[in-house]
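Right, one structure below, let's go through it.
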Amino acid sequence: MLHQERRKNEEVVQEQIEHRDGKVEEVLADGRRIITFRNGTKKEISADKRMTMINFFNGDIKKIMPDQSVIYYYADAQTTHAAYPDGLEVLQFPNNQIEKHYPDGTQEIVFPDHTVKRLYSDGFKETFFPDGTIVKVEKNGDKIVVFSNGQKEIHTAQFKRREYPDGTVKTVYCNGRQETKYSSGRVRIKDEEGNIILDKN
């Protein structure tokens with residue numbers, strides 16, 4: 001009961017100022033100021049003037065925090081955008097996708113299925129999948145896929161290569177030629193049509 005009374009006292013308007021432009025400013029007992037604009041937008045300033053919250057007429061909400069972080073909620077898109085003093089920006093979407101934009105140009109996207117994709121300012125990209133698979137893409141388009149079972153694939157403009165944990169390496173060249181080097185030392189080469197042209201131990 002005491003808590004409810006205290007809440008009511010904090011909401012008590014000590015002073016109300018009506019401005020010529022139609023906005024109304026209220027000073028509350030706890031020191032907060034609430035300014036209501038003609039279009040319905042409300043701006044609330046904390047007693048210590050370190051935090052401001054604006055409730056826009058369209059449902060958007062903007063908070064300016066004591067550390068100067070700005071958190072903006074877009075009502076229509078149900079998306080939150082936070083901008084921090086160090087330059088980091090974080091977007092959170094209604095499907096729980098989160099994007100982080102770092103001051104150095106790096107972007108990190110965390111998808112709802114917990115896949116994480118990082119895009120670096122130099123063009124390098126890497127993606128971490130929940131099953132442990134990692135995909136790295138160089139600026140030139142070369143791709144390395146590391147599977148959770150220890151296999152590795154390398155994709156370039158010239159070839160696609162798969163490396164197996166036992167040391168076997170299978171390469172398919174852009175012209176269709178295939179080369180398999182087994183861990184035993186055996187080598188098998190097939191031409192573009194799939195004909196074996198070399199098979200030696």
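For all residues, glycine too, the Cβ spot is worked out from N, Cα and C.
In TrEMBL, annotation is done automatically, which means it is predicted and not curated.
Feature annotation from TrEMBL assigns domain 'Centromere protein J C-terminal' to 13-45, 85-117, 122-155, 160-189.
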- The DSSP breakdown of the domain 'Centromere protein J C-terminal' (160-189) into helix, strand and coil residues is 0 helix, 16 strand, 14 coil
- Note on the structure: Mean per-residue pLDDT in the domain 'Centromere protein J C-terminal' (122-155) works out to 96
- Per DSSP, how many helix, strand and coil residues does the domain 'Centromere protein J C-terminal' (85-117) have? 0 helix, 14 strand, 19 coil
- Task: Could you break down the residues of the domain 'Centromere protein J C-terminal' (122-155) into DSSP helix, strand and coil, giving a count for each?
- Result: 0 helix, 16 strand, 18 coil
